[in-house]
């Protein structure tokens, strides 16, 4: 027997690969090398057979156990199929149906499509302010939604006429067809192309809805935005999506919330972050600093000698949680000392006197000595 590659190597997987990983690897190779997708390519056909043989073994728990223990020698006495053993193609029907459906455009086997089907969800977006996201709000949307046509009452047929049973699928909404493959005939089921799964054909269409059974109308919808919602989250409004078919329920409306940036506040989860200014005097002597919060301004008492970039925590001044609006996050504030940019002569003298009292030196003398020293270094004297 000619040398054969390890089955795991053929599929490009490890020995610890799960059943899903084995199936996924085979699916990829089968789609790539299937003879019908590569007509006349003998190399592709050989690789397809090799991958199919590997999958037939590794997808069967008993054969996989034998291969893991004895390798290819476990099947040398099997005779028959490619590679010295006979594998059951019936066990591979599901994956073949999936693969051939992808390659040839056929659908996967599915439940009858002419039963009740819920409508699709609709998506839209709203923009709200930072404060509206924190405390919640009410918004009104105007959307174009489909409603049952009043002329035909949703049948899609012209008044006085009725829909007929589809002859192609006999009212089932699905058609079955077979395809010849390398391994025999493969059975596929797909939605009927004539009636699109409804099982009925409308020959005389309603003049108002043109056979769809629905009319689009502008509607106003109230959106209750809960307190604590964050940017990018969505609100689900049930029953405001696309109408269902064959008695199915309407889909839902998903409203994505976009929160505008705030000039002062930033948010992380349920906590708020900001900065607040304090004067040099407040930092040195202590006192009340005014801090802006989403609830309004509050006074925070700083201790004498508070340094710039000091962080303080205002408990319960953050964002309400979605589960319980009475529970709120915190507000973290970074205190920043504001240095005055314009001083009059009197203010400058006072600061100089303060500096002298701290350093023990006259500010003018210190400046003069510094200036002299710099000049000496510059002129080399």
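Going from the start of the chain as shown, residues are counted 1 onward.
Quick reminder: no glycine exception, Cβ is built from N, Cα and C everywhere.
Taken from Swiss-Prot, the feature zinc finger covers 136-218. Across the zinc finger (136-218), the DSSP tally of helix, strand and coil residues reads 0 helix, 39 strand, 44 coil.
The annotation repeat 'CXXCXGXG motif' is assigned in Swiss-Prot to 149-156 (among others). Tertiary proximity for the repeat 'CXXCXGXG motif' (149-156) is limited to same-chain residues at least six positions away from its ends with a CB under 8 Å from its CB atoms, namely 162-163, 202, 205-209, 211-215.
If you look up Swiss-Prot, you'll see 149, 152, 206, 209 marked as Zn(2+) 1 binding site, on the strength of sequence analysis. Shown in sequence order, 158, 159, 206, 208, 209, 213 are the residues of the chain, 6+ apart in sequence, with a C-beta less than 8 angstroms from the C-beta of residue 152 (Zn(2+) 1 binding site).
What Swiss-Prot records for 166-173 (among others) is repeat 'CXXCXGXG motif'. Model confidence over the repeat 'CXXCXGXG motif' (166-173) is summarised by a mean pLDDT of 87.
Per Swiss-Prot, repeat 'CXXCXGXG motif' is recorded for 192-199 (among others). Residues 113-114, 165-169, 171-175, 245-246 of the same chain sit 6 or more residues outside the repeat 'CXXCXGXG motif' (192-199) yet have a Cβ under 8 Å from a Cβ within it.
Counting only same-chain residues 6+ beyond the ends of the repeat 'CXXCXGXG motif' (206-213), those with a CB under 8 A from a CB of the stretch are 148-152, 154-159. According to Swiss-Prot, the feature repeat 'CXXCXGXG motif' maps to 206-213 (among others).
Per Swiss-Prot, compositional bias 'Basic and acidic residues' is recorded for 356-373.
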Proximal but sequence-remote residues of the same chain as residue 149 (Zn(2+) 1 binding site) (Cβ under 8 Å, at least 6 apart): 156, 206, 208, 209, 212, 213, 214, 215
Residues close to Zn(2+) 1 site centre defined by 149, 152, 206, 209, Cβ within 8 Å: 150, 151, 153, 154, 155, 156, 157, 205, 207, 208, 210, 211, 212, 213, 214, 215
